[in-house]
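J.: One structure, pasted below without further comment.
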Amino acid sequence: MTAIEMNGKDLSQKVRSDIAEDVQQLKEKGITPHLTVIIIGDDPASKSYVRGKEKACSETGMSSDIIELPSSTTEKDLLTRIDGLNKDETVHGILVQLPLPDHINEQNVIESISPTKDVDGFHPINVGKLMTGQSTFLPCTPYGIITMLNAYDVTIEGKHAVVLGRSNIVGKPVGQLLLNDNATVTYCHSRTKNVTAFTQEADILILATGRANSIRGEHVKSGAVVVDVGINRMEDGTLSGDADFPSVAEKASLITPVPRGVGPMTITMLLKNTITAAEGLDAVGK
Ligand code: NDP
């Protein structure tokens, strides 16, 4: 079998054009969806992600601003800034680019963002809502993965989904979303014994370990749907996923490439969450 590629770049363009229409409709009601991104320090990768988010906002007609703060910023100053944004009715979504400098407690910052403006979906209230199957902001990468699976008509109900990775931003929430959609979910992590025994049983295999090319064709069941979340920078400067693409694509029925797979969907779902925030939390969809 040679897998069909699930192209996140093309799907993103389609979803973003729907978002642009939503923005237009909101503007006609006098609401311009606005995302504020806070970035602290000079990390080039973070700066590049933030620029990508700003560009995506402007392409869909949304407004955004970036607050750039020096790495010497204190936690107290940052929390004061966030408090101001929470109270600012023209700001619908707030995102603090992670990671933060060591002297700032990440959890305190996440919990200081109003759950109604938490477009990253990291606030414990929103995580709790996700766990209990209530409408909420979904974390962007898992939301993008589910959107892709739906767009490619992948049946989730009754399938065995195996998730490699259990981070708070990818592994855990994507497994929870699959469970909410009635998959049977297995999580594997660095302490799992004989990971291959699980991957070979997966109807839907989510790779989110950040271990380049570590999953090969022999680790995958014939006809599996493989979602490769990993983004690994190789020595020659190219990007690679967690899957050894050629051998896994031989076995799978559907697979996401890296790049042009999950990555573009992540920013797209951030835009979608910002629209939802502008519409009011009652409109949170899923
Ligand atoms: P983390 O480093 O936070 O988590 C990695 C997870 O992989 C951990 O749970 C770890 O287990 C697990 N793991 C490590 N080794 C193994 C192994 N041999 N077998 C099974 N599980 C293992 O990473 P993130 O979740 O933040 O990101 C994962 C990857 O996805 C990275 O490559 C990242 O760059 C990429 N990414 C891509 C995004 C996109 O938009 N496409 C967005 C976010 C991330 P343990 O918990 O035991 O340590």
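Just so it is clear, glycine is given a Cβ too, placed from its N, Cα and C backbone atoms.
Not my notes, these are from TrEMBL:
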DOMAIN    6-120  domain 'Tetrahydrofolate dehydrogenase/cyclohydrolase catalytic'
DOMAIN    139-279  domain 'Tetrahydrofolate dehydrogenase/cyclohydrolase NAD(P)-binding'
BINDING   G165, R166, S167, I231  NADP(+) binding site
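Tell me what's around each of these sites.
T.: Mean per-residue pLDDT, taken over the domain 'Tetrahydrofolate dehydrogenase/cyclohydrolase NAD(P)-binding' (139-279), amounts to 98.
Take the CB of G165 (NADP(+) binding site) and look out to 10 A: across all protein chains shown you find 23 other CB atoms. In three-state terms derived from DSSP, G165 (NADP(+) binding site) belongs to neither a helical nor a strand segment and is classed as coil.
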J.: Record lists G165, R166, S167, I231 as binding NADP(+); longest Cα-Cα distance in Å?
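T.: Between the outermost Cα atoms of G165, R166, S167, I231, the distance is 16 Å.
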J.: CB neighbours of I231 (NADP(+) binding site) within 10 A?
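T.: Result for I231 (NADP(+) binding site): 17 neighbouring Cβ atoms inside 10 Å.
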